[in-house]
């Protein structure tokens, strides 16, 4: 048994490991977010120590991004579905695939260790010096966090190499690039983004480590360096990273809309591919919109504003293509379609607040306020997470051979929908009123919206517990899937046996072009 999991080279087993790891990390991250909302539910102090509060905020961000969304989307769905959708026997490098999973638990262990030794890493996920330098954060906490991110980065780079090689070399005969499913495209583009952006982060963090431990002065003004040089390096990684988090979600939502609505093809499939490529490319040239407040030249600001707004064009193409795919169908409100519709609506809201923040004069007022928190949580907490749950419900019968209870799933969807909106919508008002991020206390004027926001987080907690109960119920009752209701145009459902056998295909499939 232990050999099956520890030494596995099977993409389905490794994908399952990623899912288990991601769900567990997601529960840790959710617990941390509830601590944050408990602290902010009322003015005054609950935790009592702001360093601990900042450590919780930092750990919440890192865990949700690197140990929940990325392992589930790229590691879980990517490993399970890409080989099946390509008709490949497995991934290109199965043993490397196993290694890239088993580097993640040590990485998470290091991150949690960084929070519980010394004073914890209370730097925020951006890890800016001088706060992250050895003056403000002496001791080993920040070093442990950096080492943890190095490991997570190695994991992602290895995974990216594996996906790119698999997609280029292991398609079945006759499958051209434009015939690949949109989810495979989205994972491929995501892998390319990871491969290009993570080395920059590794370089920045290595320089920060030597500044802290080896007396160099890469980011130290005393050594004649520019302090915000690290911000350029960090955000050159950090902005593509947010597209890395959402692109596989785009692919999943595209698959869901045309499979669940029984369309043979998605509307504007080629346009969707080009839109994802454009988003990936533009994601690399807009990083400084996170840094409007460092004091930039007017021409630089004009460039980053326009470039940021241009990203809205391919994103708009995707949203209207999804709506066009739905057009003319009798919408079947199955749980996964509810999540997908929720994704489209809430992701659009998050995107619109992003266009607001792209304007430097507005951003200077709103930078580091709760308006920014609301913006990126609409995109991540209601974009990435909704896509994950939609995909999980849709492909759960493929992964397990079991069915979930659709009635409970609908109750859970509406609970979660109300919970997340009640949590994050009021934060727009708090931000416009000037409440800053990363503070554990606030003036009494902000109390009403904070109480509502914290109430929403408790409802979201109930929803998370509900979906865990629904999955547990399905596994206890073992309601087997007798036959797949999906069209044969989707190759992952091709086998009559669910879940697929250890070797997916006895012989490689043939693609017929009519």
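Glycine too: its Cβ is placed from the backbone N, Cα and C atoms.
Per Swiss-Prot, the features are:
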- 39, 44: Ca(2+) binding site (BINDING)
- 60, 377: Fe(II)-heme a binding site (BINDING)
- 239, 289, 290: Cu cation binding site (BINDING)
- 375: heme a3 binding site (BINDING)
- 16-36: transmembrane segment (TRANSMEM)
- 62-82: transmembrane segment (TRANSMEM)
- 101-121: transmembrane segment (TRANSMEM)
- 144-164: transmembrane segment (TRANSMEM)
- 182-202: transmembrane segment (TRANSMEM)
- 233-253: transmembrane segment (TRANSMEM)
- 267-287: transmembrane segment (TRANSMEM)
- 304-324: transmembrane segment (TRANSMEM)
- 337-357: transmembrane segment (TRANSMEM)
- 379-399: transmembrane segment (TRANSMEM)
- 413-433: transmembrane segment (TRANSMEM)
- 451-471: transmembrane segment (TRANSMEM)
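With respect to Cβ pairs under 8 Å, the transmembrane segment (267-287) is most closely packed against 182-202, considering the stretches 62-82, 182-202, 337-357, 379-399.
In this structure, the CA atom of residue 239 (Cu cation binding site) is 14 Å away from the CA atom of the residue listed as 'heme a3 binding site'. Within 8 Å of the centroid defined by the CB atoms of 239, 289, 290, the record's Cu cation site, lie the Cβ atoms of 235, 238, 286, 287, 288, 291, 304, 308, excluding the listed residues themselves. Within the same chain, residues at least 6 positions away in sequence whose Cβ sits under 8 Å from that of residue 289 (Cu cation binding site) are 239, 304, 305, 307, 308, 357, 358, 363. A coil conformation is recorded for residue 44 (Ca(2+) binding site) in the three-state DSSP classification, outside any helix or strand.
The CA atom of residue 39 (Ca(2+) binding site) is located 14 Å away from the CA atom of residue 60 (Fe(II)-heme a binding site). All protein chains shown were included, and the count of other CB atoms within 10 Å of the CB of the residue listed as 'heme a3 binding site' stands at 24. Note on proximity: among 44, 60, 290, the binding-site residues of the record, the Cα nearest residue 375 (heme a3 binding site) is that of 290. Per-stretch counts of Cβ pairs under 8 Å to the transmembrane segment (337-357) identify 304-324 as the leading one among 62-82, 101-121, 233-253, 304-324, 413-433. Residue 377 (Fe(II)-heme a binding site) carries a helical DSSP state (H, G or I). Of the ranges 182-202, 233-253, 304-324, the one with the most Cβ pairs under 8 Å to the transmembrane segment (379-399) is 233-253. Residue environment of residue 39 (Ca(2+) binding site) contains 22 other Cβ atoms, counted within 10 Å of its Cβ in all protein chains. Tertiary proximity for the transmembrane segment (304-324) is limited to same-chain residues at least six positions away from its ends with a CB under 8 Å from its CB atoms, namely 250, 253-254, 257, 266-268, 271-272, 274-276, 278-279, 282-283, 285-286, 288-289, 292, 296, 344, 347-348, 351, 354-355, 358-360. Residue 290 (Cu cation binding site) has a Cβ environment of 22 other Cβ atoms inside 10 Å. Remote same-chain residues near the transmembrane segment (101-121) are listed as 6, 14, 17-18, 21, 25, 28, 51-52, 54-56, 58-59, 62-63, 66-67, 71, 75, 127, 132, 137-145, 147-149, 151-152, 154-155, 158 (criterion: CB distance under 8 Å, separation of at least six residues from the stretch ends). Here the C-alpha separation of residue 377 (Fe(II)-heme a binding site) and residue 290 (Cu cation binding site) works out to 16 Å.
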